[in-house]
Amino acid sequence: MNSIVNFIDALGQYNFLQTALITSILVGIMSGLVGSFIILRGMSLMGDAISHAVLPGVAVAYMLGVNLLIGASVFGIVAALLIGFVSTHSKLKNDTAIGIVFSSFFALGFILISMAESTTNLHHILFGNVLAVSDSDLITTVIVGALVVLFVVVFFKELLISSFDETFARSYGLKTQWLHYGLMIVLTLVTVSALQTVGIILIVAMLITPAATAFLWTNKLKFMLVLSAILSVIASVVGLYLSYTFNWASGPSIVLTASIFFIISFIISPKQGFLTSRIAKKGEPNV
Amino acid sequence: MFKIENLSVGYQNTQILDNLSVEFPSGAITGIIGPNGAGKSTMIKGALGLIKRQNGVARVDQRPIESHREQVAYVEQRANLDLTFPINVFDVVLSGSYGRLGLFKEPSKQDKQNALSALEQVNMLNFKERQIGDLSGGQLQRVFVARAIVQAAPIVILDEPFAGIDMKSESEIMSILKTWRAEGKTIIVVHHDLNKVTDYFDHLIILNRGIVAAGPVAEVYTKDNVSKAFSADLGNVLFTDDNDSKQEGVSHE
């Protein structure tokens, strides 16, 4: 209890902690929203791939001294296009194409980063260090967050229908390919923001764990999006507290908090909880 | 009037359809039958540009369909959907208004009213809050027909709407198709067996990697054509007499 008071006290005192808190909240909202569509479209592996594939972009941006977002977005999109290219121009299955492309990009990024920067920085990129977020990073995150929320709100009905029933969406003339690549761009933007809080390796957890948890509680997409964002924000803030108090890396702290929410929901959620469905089955008469 | 001109579709090493042309009259229900792998769904998807085609175009009153998609409502096979998706019956039906709305516009009160009235027409109003995974196959099919009602398109294409559904749903859907016919719409139904061909359809297309026969049912649904497209045995079973009297209730599956 004392440590929570300390944390709140420190929040009032230290600028870096306030920056960390706002960043965590924004990243939570973004990843919760985008992650919902990622899991509903069966693209969890794609989310993992894109988040790893931005690493060389981060390295190149460091080297050239340009904004991380630009480098990361370029490599994220190139990876998405390359995955599409490999799977349509060979008999390989999509997940194989994803595996090949993202591991290659990640390996390349790893080498580029170690050429460009010291190892401490690599550690932060891989596992996140939300306590070291600068004010200019925060401004970027605010802008990206606004863009991501705008994308989801403006294209909500298109995202809904193309995720649920792509054939129908195409039959009435929706350009689902454009939407797909739009979502990939948004995904890379979220990735770069989440890189600061949870790091590249664990970004996929922020995308899928809160969304999957929300999925277990509701049958309404709008409610799922909101719930996913809320869970993601809570996990981020609790993770930040744990990180500050126990000096744990922020990424694993946030991700483990989200995992605990998932485990609880998996057991007790009314929709498809492990426990609830067993009880429901017992209650049914034997047929 | 809906027509397909010079449609060719093939996958890697197999040519499925080669230079196929066919017309669908308005104010009529046209059935498409043919054995498994005949290219029935391929023809529809190729015409609508939902799969890659090598050649050909589908036209609505002379205009290519790509620029007039609002003219066609397409009810695909149910099997291809994720039934765990967090969406309820009402929202599925409401999505029938999305094509007309285009980007950046939300469904209006009128659109929502249309969705409710479509649900009423297929007798599914009581299910409007249900998650789609809770429905039976027949109920789900009625929901997709309700969505086509909301689309209010002059051409409606249904891919195997009666496959694996209950009698009640089948007859409710059939009565909607008849209403559409009375309104002068062009209705196209890919049909999975030979049951009720003469009851359901005004026109018939028999397909087997190309058109075997097309025209009014009475002219097209003959022992010769069925034997040619399916097998001589099936032709003999369905048409016992030489004068083509039909025996109903035999599925070819």
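Note that Cβ sites are derived from N, Cα and C of the backbone, with glycine treated the same way.
Note on the transmembrane segment (A:20-40): residues 11, 46-47, 130-131, 133, 137-138, 141-142, 144-145, 148-149, 152, 159, 163-164, 183, 186-187, 189-190, 193-194, 196-198, 203, 206-208, 210-212, 214-215, 221, 224-225, 228-237, 239-240, 244, 250, 254 of its chain, located 6 or more positions outside it, place their CB under 8 angstroms from a CB of the stretch. Annotated transmembrane segment per TrEMBL: A:20-40 (among others), in sequence order.
Summarising the annotation, TrEMBL assigns transmembrane segment to A:60-85 (among others).
According to TrEMBL, the transmembrane segment annotation covers A:97-116 (among others). Residues 45-46, 48-50, 52-60, 62-63, 75, 79, 82-83, 86-87, 90, 122, 125 of the same chain lie 6+ residues outside the transmembrane segment (A:97-116) yet bring a C-beta within less than 8 angstroms of a C-beta in it.
Look at TrEMBL and you will find A:136-156 (among others) tagged as transmembrane segment. Within the same chain, residues 19, 22-23, 26-27, 29-30, 33-34, 37, 67, 69, 179, 182, 186, 189-190, 192-193, 196, 222, 225 sit at least 6 positions outside the transmembrane segment (A:136-156) and bring their C-beta atoms closer than 8 Å to a C-beta of that stretch.
With a cut-off of 8 Å between Cβ atoms, the residues of this chain six or more beyond the transmembrane segment (A:177-194) that come close are 23, 26-27, 30-31, 34, 37-38, 41, 46-47, 50-51, 54, 58, 68-69, 72-73, 75-77, 80-81, 128, 140-141, 144-145, 147-148, 151, 155, 158-159, 162, 200, 203, 206-207. The transmembrane segment annotation in TrEMBL covers A:177-194 (among others).
Annotated transmembrane segment per TrEMBL: A:224-242 (among others), in sequence order. Same-chain neighbours of the transmembrane segment (A:224-242): 3-4, 7, 20-21, 24-25, 27-29, 31-33, 35-36, 130, 152, 197, 206, 209-211, 213-215, 217-218, 248, 250, 253-258, 261, counting only residues six or more beyond its ends whose CB sits under 8 Å from a CB of the stretch.
Annotation comment: TrEMBL describes A:248-268 (among others) as transmembrane segment.
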